[in-house]
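> My questions all concern the structure below.
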């Protein structure tokens, strides 16, 4: 007589066979073979951002990540994410989906990439948790293209939760080090996607605006023979049998191009600063947007060109990137960025007067500290209602050796900084174009003349008066969006404590 276990097994086997036979949808789901460019099908993949009520009733294919999944009886709800856009998808037992298919969909690991065929359906009630609120996708086929590991180093929902909400409701948030240690995952969040898409909207109009103004884009060396500004804050690298340095700035080469009659130049490239500054706004490597321009009579001609370029960028961001701005503001609320036309320009002595009136004690030739910069930004906002302004005529003592002195006041200089929300984003000046004067100033700063001989020599054969400045891309992005740490706007940040990933 057969045992009870044997009898049970004999009953289960036909049931398994029957269940398999009932899986009428087995060809409609599964794990796809690895894509190795074996074929090029005619299948058209639709962007999630294009899934609107106008497509209701259409059968579409979508490739996306599984953001969340929730099984409920004979159906499973998925949220499919594609960059900063997402849509709800429904897998329900019916003509196109079996119980096994619903179970398969419910067990797909978060962040896996899937190909989904489905019918776009208009919903009666808006889906508030998705960007595509008026439609959902009724799934007919689903295939895993690339599976994610079941345990994620961070949860994306936690990574986009506002800190205030986390504190008030006791819900999880993700700290900065965890984000940066797992940057590839963190960059998938809707906030990160929005930040870096907006950042690309800074570089493009910078290049386009200046090109339309007659500027020439140049590339300058990053490996140089001497500290580019004569300071100690440089990275030393082995260069065959000698030492070389990573450029702190393209400054000297921009000027040499002006001496070579390019007249107006700009460059976009990495800048290296060996500063042991673990602050919210300092990086050891960042992207510099640099401008240099010959002028006719006054360096303010250049100041106005730079300010106009930045204003054009701000206008473009506010016009073209409202979705991204709103996405970032959901997690990091901030007042809209304000600016004036023409740009407000104050002299350094006026700024000192405002600070002194607010109770700050400062000497006439003292540089602005970070707290005083921020205070000045608040005072300017209160008085002029702008987040963007220019500070002109800095003390000569706090500027680099190549800065032109003010002819009316030897303690001042023809130099300027530009500020956003009370923080400096550009430093610039009229450059000394006379070889004798630049030699005197270099000696005054203790710079070895032999190491900048090529630079000084470039002025010996006739040099036009010129000025320029350097902008930090990550800092502009941070301040435009009202963020509080430049690491949020650097894709893979480098600071004194971080060299990976």
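Glycine is treated like the rest: Cβ placed from N, Cα and C.
What Swiss-Prot records for this protein is below:
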{"type": "BINDING", "residues": "229, 273, 427, 431", "note": "L-aspartate binding site"}
{"type": "BINDING", "residues": "273, 274, 275, 281, 282, 283, 424, 472, 473, 474, 475", "note": "ATP binding site"}
{"type": "MOD_RES", "residues": "52", "note": "phosphothreonine"}
{"type": "MOD_RES", "residues": "74", "note": "N6-acetyllysine"}
{"type": "MOD_RES", "residues": "249", "note": "phosphoserine"}
{"type": "MOD_RES", "residues": "374", "note": "N6-acetyllysine"}
{"type": "MOD_RES", "residues": "500", "note": "phosphothreonine"}
{"type": "REGION", "residues": "251-254", "note": "region 'Aspartate'"}
{"type": "REGION", "residues": "411-415", "note": "region 'Binding site for the 3'-end of tRNA'"}
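In terms of burial and nearby residues, how do these features look in this structure?
Neighbour count (other Cβ atoms within 10 Å of the Cβ, all protein chains): 19 for residue 273 (L-aspartate binding site).
Its Cβ taken as reference, residue 424 (ATP binding site) is surrounded by 18 other Cβ atoms within 10 Å in the chains shown.
Taken residue by residue with DSSP, residue 52 (phosphothreonine) is part of neither helix nor strand, so it is coil.
Less than 8 angstroms from the CB of residue 74 (N6-acetyllysine) sit 92, 93, 99, 102, each of them six or more residues away in the same chain. Reduced to three states, the DSSP call for residue 74 (N6-acetyllysine) is coil.
In the three-state DSSP assignment, the secondary structure recorded for residue 249 (phosphoserine) is coil.
The local packing around residue 374 (N6-acetyllysine), expressed as other Cβ atoms within 10 Å of its Cβ over all shown chains, amounts to 15.
Long-range neighbours of residue 500 (phosphothreonine) (same chain, six or more residues apart, CB within less than 8 Å of its CB): none.
Below 8 angstroms of C-beta separation, residues 218, 220-221, 228-229, 265, 267, 290-292, 400, 402, 452, 455, 468, 470 of the same chain, each at least six residues beyond the ends of the region 'Aspartate' (251-254), sit close to that stretch.
Shown for the region 'Binding site for the 3'-end of tRNA' (411-415): DSSP residue counts in helix, strand and coil, namely 0 helix, 4 strand, 1 coil.
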> Looking only at Cβ atoms, how many others are within 10 Å of the one on residue 431 (L-aspartate binding site)?
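The answer is 25 other Cβ atoms.
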> Can you tell me the CA-to-CA distance separating residue 282 (ATP binding site) and residue 273 (L-aspartate binding site), as a whole number of Å?
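It is 9 Å, counting Cα to Cα.
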> I'm trying to understand the geometry here, so how far is the Cα atom of residue 52 (phosphothreonine) from the Cα atom of residue 473 (ATP binding site), in Å to the nearest whole number?
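Cα-Cα, rounded: 35 Å.
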> What's the CA-CA gap between residue 273 (L-aspartate binding site) and residue 249 (phosphoserine) in angstrom, rounded?
9
> Would you please pick out, from the recorded positions 52, 249, 427, the one with the fewest other Cβ atoms within 10 Å of its Cβ?
52
